[in-house]
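Structure, as structure tokens:
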Amino acid sequence: MGIRGMLRAAALLLLIRTWLAESNGPSPTPKFHFELSSSTPEVILDLFNCKNCANEAVVQKILDRVLSTYDVRLRPNFGGAPVPVSVSIYVSSIEQISEINMDYTITMFLHQTWKDTRLAYYETNLNLTLDYRMHEKLWVPDCYFVNSKDAFVHDVTVENRVFQLHPDGTVRYGIRLTTTAACSLDLQKFPMDKQSCKLEVESYGYTVEDIVLSWEDDNAIHITDGLHIPQYTYLGRTITSKEVYFYTGSYMRLIVKFQVQREVRSYLVQVYWPTVLTTILSWISFWMNYDSSAARVTIGLTSILVLTTIDSHMRDKLPHISCIKAIDIYILVCLFFVFLSLLEYVYINYLFFSQVPRRNHRRCRKPRRVVARYRYQEVVVANVQDGLINVEDRVEDRAGPLPDSPMQAHLASQESLGSLVFTSEQAQLATSESLSLLSSASSQTQLATGESLSDLPSTSEQTVPECTIHFHGFLTNDSIIPIKIHSRSDACDDEDSEESLSSEESHGHGSSHTGRLKLQISQRCVQEASWDLDKIEILQDDISITSSWLGLDEQCKGDADSIWSLTDEELMACDQEKDSSSESEENCSPSPGCSFNEGFSFQLFKPNRVPKVDRWSRFLFPLSFGLFNVVYWLYHVY
């Protein structure tokens, strides 16, 4: 048999093979199997088998055959074992992770693979690739995304669906879609947070009795190279699966989690550095003078305003949730430091502008009170009856004739007065007989004996003697008995003193002596003598009298000069009774008997601490803020 005969036999067999492939039912003729020799070329063998070749007619015949009896409403192996469906995902992009909406958008290719024996074919070994039009003719699993908010299938330029049919009936279904899935973000460490956004795949209607979902393999999730997520860095992914139970049955759920970490560099530039610089700016006030109220308060308030603006800007980008974020703590601490700087200045302002000026104001009022002491005096006269005439005679002998002035002071005897010291005071003492002649309307006090009262002229133009009298005490047979005579000005305000001065000037020279020296005499704390006046002996050298004559104008000028030339010690002595309580509270340390609150208040509000507080704040504030930053960043970064 030659080659020609072999070719004819091969052509005949090929025709028979084609006829058998095109027939719908089983062939009534028996199938022959030819054992060709090993020397037969492979081309001849391919002509007989035809597994790797297919034309349009062959594919059309295959599709027509498998779809003619195919029911799309029934799952594969209906009534039998559940259909295993394997799932794989190829992630092309993660476009956005929104903190406000708590979701993220992902674009991916979803592939599902299952086996449907109704679609098996044997005409060829080639896989058949079919487009989106087969979606309505074939059964597909009803998978959906559990946490999806919105999703759509891309349809540019055509609907992005594809089917691959294998000869054994395996179907691989792929779809390109974009979905927006919910992502529960944990913002407690914002913006140094790490998030895990998951995507859940589940069958909508088929329970585990019909469909069993599973991941294709351990590498079922594929990520495109160079995946870039805005404001985040991709860390990795994990895949899990679990069975969930509902009222309609149990379902298999596939879960993939994408781990991402937020990039903090943008927040360092936009939030942290401005916040730190603003906080440091508020500390400039510690180097300013403590009486620069406007500058220090302006810096503090401006810093608070800037921090509040930054905080409001951040809140607009974040959801309104109840958890406290790390950036909230940082901004709040910065606000607290700025507030402490303002509070520190309030403390200094209270010490400097409240405590110290009060003491200075009282010191400025002391000369006025000394003037008031000259004008308003209370003279307490002891009950002395004898010896006034002798003292008067001695005063007249040493000082000369008395001037014709209503302001002349007639001195009492040594037996009746003791422990009196009048320095440049024109307070006139009178006997008990002359006390009844005092007139409150004229406010003049004239102390003299009965013989001298009739001789005093009433003119105001005569000169007034200036007398300095010192009484040391009385000597009895047994001991020296001092007599206490209290001289004290009335507690009057500065406004009353000024009104008295103005009214005094308005009366003119006619009443100058009367207006300048108003004496209010009241018998306070009068010590009644319990001794016998006859036993009182005059102490020698106990009275020293200095007398001189001054004109009225010179005396007024001299009085004013003597008042304003007083030293601090004299002013303190003159004002000791008025300000004893207030001075002791501010300038003296609390006694051991004081309560704890008083001692603590004294230690806390000492005026001399004003410069020290600023010096301490220059170091304590930066040190505390630096320590806070170390703890803050170590906790949230590592």
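Each Cβ is built from the backbone N, Cα and C atoms, and glycine gets one as well.
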Cys197: disulphide-linked cysteine among Cys143, Cys183 [source: Swiss-Prot]: Cys183
Identical membrane-side domain name, Asp316 and Tyr350, from Swiss-Prot: no
Rounded to the nearest Å - Cα separation of Asn127 (N-linked glycosylation site) and Cys197 (disulfide bond): 37
Chain residues in Cβ proximity to the transmembrane segment (326-346) (below 8 Å; excluding those fewer than six residues from its ends, i.e. six or more beyond): 188-193, 267, 271-272, 275-276, 278-279, 282-283, 285-286, 290, 296-297, 300-301, 303-304, 307-308, 310-311, 314, 613-614, 617, 621, 624-625, 628, 632, 636
Secondary structure content, the topological domain 'Extracellular' (315-325) (per DSSP, counts of residues): 2 helix, 0 strand, 9 coil
Disulfide-bonded residues compared (Cys183, Cys197) - the one with the fewest other Cβ atoms within 10 Å: Cys183
For Asn127 (N-linked glycosylation site), the number of other Cβ atoms found within 10 Å of its own Cβ: 11
Helix, strand or coil at Asn127 (N-linked glycosylation site) [DSSP, three-state]: coil
Averaged pLDDT, computed only over the residues in the topological domain 'Extracellular' (22-267): 88
